[in-house]
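Student: This is the feature table in Swiss-Prot:
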BINDING   G75, T78  Na(+) binding site
TRANSMEM  2-22  transmembrane segment
TRANSMEM  35-55  transmembrane segment
TRANSMEM  68-88  transmembrane segment
TRANSMEM  104-124  transmembrane segment
Amino acid sequence: MLSSLLAVFIGGGMGSVLRWAISMKMNPLNAHIPLGTLAVNLLGGFIIGLAIAIFSRLTHLDPTWKLLITTGFCGGLTTFSTFSLEVVYLLQDGRFMWALANMLLNLAGSLVMTLLAFMLVVWINGQ
């Protein structure tokens with residue numbers, strides 16, 4: 001249990017620092033699209049797909065490595081990678097409508113919650 005916690009902790013720290021560094025370098029490059037955020041989301045999706053493919057074939061590897069890379073590193077880099085993997089699993093299972101629903105709910109839900117949180121802060125500050 002302790003090794004699992006440490007793996008997630010270390011991987012998460014590494015992913016978070018990388019996300020920050022990439023965002024600091026790339027976001028100022030374009031005023032319309034946060035390129036750093038896009039880059040880490042795409043990178044995270046690629047890494048988690050690569051990791052799952054590798055770990056499914058190399059079953060002798062210690063599961064702690066999977067935790068470090070997927071839950072820790074990719075989770076720290078972006079939660080978008082986990083979402084992407086879940087959609088891929090739904091598509092692989094032939095559950096296309098559920099994959100679409102999952103995509104729409106995650107994207108729209110996240111945007112709505114972000115907007116609601118922003119509006120709440122504006123409302124509280126206006127009181």
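If you go along the chain as it appears here, the first residue is 1 and each next one adds 1.
The backbone N, Cα and C atoms fix where each Cβ goes, glycine too.
Please situate the listed features within the shown structure.
Tutor: Listed in sequence order, V8, G11, G12, G15, S81, T82 are the same-chain residues at least 6 apart in sequence whose CB falls under 8 Å from the CB of G75 (Na(+) binding site).
Outside the transmembrane segment (2-22), and at least 6 residues removed from its termini, the chain residues within Cβ reach (under 8 Å) are 36, 39-40, 43-44, 64-65, 67-69, 71-78.
Only residues 6 or more beyond the boundaries of the transmembrane segment (35-55), in the same chain, are considered here, and those with a CB under 8 A from a CB of the stretch are 15, 18-19, 22-27, 29, 61, 65-66, 69-70, 73-74, 77-78, 80-82, 84-85, 88.
Using a Cβ-Cβ cut-off under 8 Å and counting only residues 6 or more beyond its ends in the same chain, the transmembrane segment (68-88) has close neighbours at 7-19, 40-41, 43-45, 47-49, 51-52, 99, 102-103, 106.
If you look at the transmembrane segment (104-124), the same-chain residues 6 or more away from its ends with a CB under 8 A from one of its CBs are 83.
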Student: Reduced to three states, what secondary structure does DSSP give G75 (Na(+) binding site)?
Tutor: helix
